[in-house]
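Notes follow once the structure below has been shown.
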Amino acid sequence: MSQFSFTKMHGLGNSYIYVNMFEEQIPEEDLVLVAEKVSNINTGIGADGMILICPSDVAPVKMRMFNNDGSEGKSCGNGLRCVAKYAYEHKLVEETVFTIETLAGIVTAEVTVEEGKVTLAKIDMGAPRLTRAEIPMLGEGETPFIRENFLYNNHRYAFTAVSMGNPHAVIFVDDVEQAPLTTLGPVLETHEMFPERVNVEFIEILNDAEMNFRVWERGSGVTQACGTGACAAVVAAILNGKMERGKEITVHLAGGDLMIAWTEEGNVLMKGPAEVICRGVYEYKIEA
């Protein structure tokens, strides 16, 4: 029987099991199964996935993120805010502005601290990737993929594709509560045009500074929030002429609000909370 200490944290209800790999050890060959086991709501702790906080050669810390199906993602906005909180509060970093390595690249985090605790985290998510090769999608072309039609159940849905280190398909609807989240979501997620699968967001524009947001996450299904998805949604809204670049947008997710801005300089900034749920020790056994 093996075990490790964990901290369960969430960003707007998007929860992960966080493991401090500066102190713990999980064999590389076990990570996929451990992520599946620990995320299981019935036989594990229950979460949207597992995130490892690891040493890095190029930043103070490195984030590795696994979905609850065991697949490894390149980035996670809500996860980054929680990693930033954990790193500062556990003295893995000393400054309130620092970098985090991800499989999608290095991002900059800035934490707001009150009485030694991080209350907000702002992440510079970098520039969005908009070409088919960058997202990635099948096909050729260097122009952004904006409002392309997808036929489902005899209805045409126009989606815009954006990568924020992971792929997103953003669909604008009149009412997110009526959107085909659990039906169209998995169909589009696994469509052959997306070789690495895709996260699917449904967006309802409320005004020039607010939107409602629902998400079907690649590898996890319906979740309460998706930070990279909120960033992709704001980028897509600006590309479609629905919102203004350089302005801070409030994204209302099922789990709460994020503040997102696509700056004139090109990077996307995300600001929101990160909270600890519980801590403990998880025991597991990998069958031979």
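Our numbering is plain: 1 for the first residue shown, then up by one each step along the chain.
Backbone N, Cα and C define each Cβ position, glycine as well.
Source: prediction; values computed, not measured.
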**Q.** Given Swiss-Prot lists ASN14, GLY77, ASN78, ASN166, ASN199, GLU217, ARG218, GLY227, THR228 for substrate, the same-site residue among ASN20, ASN67, ASN207
**A.** ASN67
Q | Nearest-integer angstrom distance between the alpha carbons (Cα) of ASN14 (substrate binding site) and CYS76 (active site, proton donor) | A | 10
Q. Taking the centroid of the Cβ atoms of ASN14, ASN67, GLY77, ASN78, ASN166, ASN199, GLU217, ARG218, GLY227, THR228 (substrate site), which other same-chain residues have Cβ within 8 Å of it?
A. GLY73, SER75, CYS76, GLY79, VAL215, SER220, THR223, CYS226, GLY229
Q: For ASN14 (substrate binding site), list the number of other Cβ atoms lying within 10 Å of its Cβ atom.
A: 29
Q. Among the active-site residues CYS76, CYS226, which residue has its Cβ surrounded by the fewest other Cβ atoms within 10 Å?
A. CYS76
